[in-house]
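Peer 1: Input: one structure, supplied below.
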């Protein structure tokens, strides 16, 4: 056995077919929405793209180039695309709609069960700060997932700007808001509630902070959120969420969407509406996305952007059944009938069939060969004679 | 029919208290529940499946989503730092993490050694104290380590202090209080929202009631 580095996986033919099928159905949908696919290099500079990406430093694969610069294997696609968009594509002040399907790399130290290299398919809508753009990427994500054949999934939408403003208004300082925010990042609601109780706040404000954890559900969450805020802090964010709900309803996709204002992301570049998507049978989100208006600044452009990425490996896990691969026919031929075999193969291939041409002299075990293929045509000896077994 | 939820339960110390709590919250668990040697127990009438795991492994099952919910000690959660939601303090299995060692001893100046089942927690604690220590990971009977000279100190959970005392060890510092927590997988938290919210509500009612009775 030749071992592979931790978290690296092979894609064998059957899985490849499935991946290919899922990938192309998603890609086709993205293209139908007018998104243009691009590719970026697998290696980027650590100091620029590595630092701009939101992946933890210890998860980056790093290496040195011949001049001693530190490089990273791209841990996500959003930062590289922001780099390309800022330096090359954003010229005529028009929203850009870009898409990608690419492998990204995140080192795993703890255990197996999680790949260190996996494919993401996603889009970035750059240069459009409207809620319409947020709605568009969510609707496109839903539509792509449906195109891939997945029915049982749910999108949870939050707003990081709302959380930040709401906490800052009640707690007064950025520092105290961040302390509370940390509990949300750690998903530690017990710690959150204990921390709130320990704060020197009015009982009304404490109650507001505790009720914040309940802001999860359907359209009604918007009303609840409006009730919780005071002095207009966070109102703009809630208005955006309401507009988003209307937008998604106009797309007819509201059945797949729920609000969860407690949702925060380890992707620290998000600034506004953000979301995750889950499928029933998979223990991890199958995709996520959101608005990242400040990331473009790191590459010298002040413009808004939003996007999402779906994880192909988890999509396939959610879909469950492996795609039955197309049947392959085998033509076993001997020298005498080689030309005939080639002609038949050519004709069948022109009809879209998958045909293997196999010289009988290259096969030791004819039975194993015939078992491997859906059908086998023997073109052996002189014309019209069956092979002697 | 409501969705099936899978709960990872820790075998051992916490298990019985957790089962009692679930019963008090009105979940009809069969009487032979505790005595079973099965690793998977289906409770069809509650649409629940329980899996019985090592306490250290409960979080792994929940993080990977093969269990929706789990009951785990805060000690394990601090050690493992898994990506799960900590929804509820069940206020059962009270204990604490502490530094202990032989009485009237000082730690070695050059390379103080700490034996523990919780290498991450121990390392973080001594780092905070500004002390450079070497951690030795053990899997049980941690009290042995200072007795036979493997380490200067141990970091371990203490519930009554009896084990320490019987082995002639004393507690030096208390690190953090521990109780058991209800944890949930982030996907299940959204996809099985209703069932999980109901469980949390029923358990909270019991826990708060208990808190009133035993102030």
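Any Cβ shown, glycine's included, is placed from N, Cα and C.
As the structure is a computational prediction, the values presented were derived from the model and not from experiment.
According to TrEMBL, the record shows the following:
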- A:7-327: domain 'Aminoacyl-transfer RNA synthetases class-II family profile' (DOMAIN)
- A:76, A:77, A:78, A:106, A:120, A:124, A:269, A:270: L-histidine binding site (BINDING)
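I would like each feature placed in context: is it buried or exposed, what are its neighbours, and how far apart are things?
Peer 2: Listed in sequence order, the residues of the same chain lying 6 or more apart from residue A:76 (L-histidine binding site) and placing their CB within less than 8 Å of its CB are A:53, A:54, A:55, A:104, A:120, A:267, A:309.
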Peer 1: Taking the Cβ of residue A:124 (L-histidine binding site) as reference, which residues of that chain separated by at least 6 in sequence fall under 8 Å from it?
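Peer 2: Those within reach of residue A:124 (L-histidine binding site), by Cβ under 8 Å and sequence separation of 6 or more, are A:78, A:81, A:82, A:85, A:96, A:97, A:98, A:99, A:100, A:305, A:306, A:307.
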Peer 1: Please compute the mean pLDDT of the model over the domain 'Aminoacyl-transfer RNA synthetases class-II family profile' (A:7-327).
Peer 2: 91
Peer 1: Determine the most Cβ-crowded residue among the binding-site residues A:78, A:120, using a 10 Å radius around each Cβ and all protein chains in the structure.
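Peer 2: Of the binding-site residues A:78, A:120, the most buried by Cβ count within 10 Å is A:78.
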Peer 1: Where's the emptiest Cβ shell within 10 Å among the binding-site residues A:77, A:106?
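Peer 2: Sparsest of the binding-site residues A:77, A:106 by Cβ contacts within 10 Å: A:106.
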Peer 1: Whose Cβ, among the binding-site residues A:269, A:270, has more other Cβ atoms within 10 Å than any of the rest?
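Peer 2: That would be A:270, with the most Cβ atoms nearby.
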